[in-house]
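Trainee: Before I ask anything, here is the structure I am working with.
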Amino acid sequence: MMSRTESRYSSQRTWLLSMVVLAALWSISVQRATARVINDDCPNLIGNRDLYKRVEWICEDCSNIFRNTGMATLCRKNCFFNEDFLWCVYATERTEEMSQLRQWVGILGAGRE
């Protein structure tokens, strides 16, 4: 027969294990959903995450300059292949990097429909 202390310890351990499993499952589902959204925008993202981060940084800077949270989303639309991205390049004064940025956007968007 189990004592009261052993029973309480067993239930606490079961509860803790349940919470750890639920947290792990939630984390995995969030990561998959985030990756799916990013992959839908840029089909050639796998293996090019460093390029994506460099190009995305322009959109984040642009959003911070104008204090408009929707600006970053517009800038990233169609895997950075849009007028808003070009506008952000000019707004962040990175026109000297334009040829490099076009090359990176081309790599990220390769296979785009």
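From the backbone N, Cα and C atoms, a Cβ is placed for every residue, glycine too.
Predicted, not measured: the structure shown is a model, and the values here were computed from it.
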Trainee: Which one is it, C62, C79, that Swiss-Prot ties to C88 with a disulfide?
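Mentor: That record, Swiss-Prot, gives the partner as C62.
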Trainee: If you check Swiss-Prot, which of C75, C79 bonds to C42 via a disulphide?
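Mentor: Of the listed candidates, Swiss-Prot names C79 as the partner.
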Trainee: Once the DSSP letters are reduced so that anything not helix or strand counts as coil, what is C42 (disulfide bond)?
Mentor: coil
Trainee: Given the disulfide-bonded residues C42, C75, C79, state which is nearest to C62 (disulfide bond) when distance is taken between Cα atoms.
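Mentor: Nearest candidate: C75.
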Trainee: Sorry to bug you, but what's the C-alpha spacing from C42 (disulfide bond) to C88 (disulfide bond), rounded to the closest Å?
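Mentor: Just about 18 Å between their Cα atoms.
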